[in-house]
Amino acid sequence: MLLGVNIDHIAVLRQARMVNDPDLLEAAFIVARHGDQITLHVREDRRHAQDFDLENIIKFCKSPVNLECALNDEILNLALKLKPHRVTLVPEKREELTTEGGLCLNHAKLKQSIEKLHNANIEVSLFINPSLEDIEKSKILKAQFIELHTGHYANLHNALFSNISHTAFALKELNQDKKTLQAQFEKELQNLELCAKKGLELGLKVAAGHGLNYKNVKPVVKIKEICELNIGQSIVARSVFTGLQNAILEMKELIKR
């Protein structure tokens, strides 16, 4: 299984003081040595990663670069110019802390944007909710890759197997008894497996990501149809204590098959 390391949260730390430290390019070099892919989300408001980050990483790093972006003309034109290995199209809301759900596949610009990226020999992935309907639509839209949103799975795992329900970070909608949460968790994991199988049957390559960490990743790794995970915040958080290289290697060990 391949590991794409999302380095957005290193950019978050840099932007907190609006200086050039930590150096995102240095982080990209470490990911290039120890991970399989560099993933970077350039948002419409440029709150974290900047255009020059993407340009430098593509120019100086040998690893594949997976650009996450919304259906924004300015950023899509940047992608067409710089030509990352892959563009993963994601939904985006300015007020959100992180990507909250999968992409709406009925967007009028989506088909045209995919065609433009394909014409530039850029692989296209769609970040989607784990639903059979969205997988079938992704195939019709001629995406090569889908990335299944694992946020709900991760939230359920957190509610079941951590103390988050007793903290300020508890999710009100998951304030339920353990038996109910366990049933929902098992159902969501089964749904991820079903969706991954459907994607592979349709000839799509299947990735997964969002909220995955060192404690919840193992059940997802067992879904053999998933070939790649994109993980960011948990690896960067771990790197504060272990260093980025070790944090990546620890995750690589966990996702070995």
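The backbone N, Cα and C atoms fix where each Cβ goes, and this holds for glycine too.
Per Swiss-Prot, these features apply:
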type	residues	note
ACT_SITE	H41	active site, proton acceptor
ACT_SITE	E68	active site, proton acceptor
ACT_SITE	H210	active site, proton donor
BINDING	N6, R17, G211, G232, Q233	3-amino-2-oxopropyl phosphate binding site
BINDING	D8, H9, R43, H48, T98	1-deoxy-D-xylulose 5-phosphate binding site
SITE	E147	site 'Transition state stabilizer'
Residue with minimal Cβ packing [other Cβ atoms within 10 Å] among the binding-site residues G211, G232: G211
Residue, out of the recorded positions D8, E68, E147, whose Cβ gathers the largest set of other Cβ atoms within 10 Å: E147
R17, H41, E147, Q233 filtered to the recorded positions whose C-alpha is within 10 Å of D8 (1-deoxy-D-xylulose 5-phosphate binding site): H41, Q233
For the recorded positions H9, R17, H41, the one whose C-beta sees the most other C-beta atoms within 10 angstroms: H41
By Cα-Cα distance, the member of recorded positions E68, G211, G232 nearest H9 (1-deoxy-D-xylulose 5-phosphate binding site): G232
Three-state secondary structure, G211 (3-amino-2-oxopropyl phosphate binding site) (per DSSP): coil
Entries of R43, H48, E68, E147, H210 which, being recorded positions, have CA atoms within 10 angstroms of G232 (3-amino-2-oxopropyl phosphate binding site): H210
Per DSSP, three-state class assigned to D8 (1-deoxy-D-xylulose 5-phosphate binding site): helix
For H210 (active site, proton donor), the number of other Cβ atoms found within 10 Å of its own Cβ: 25
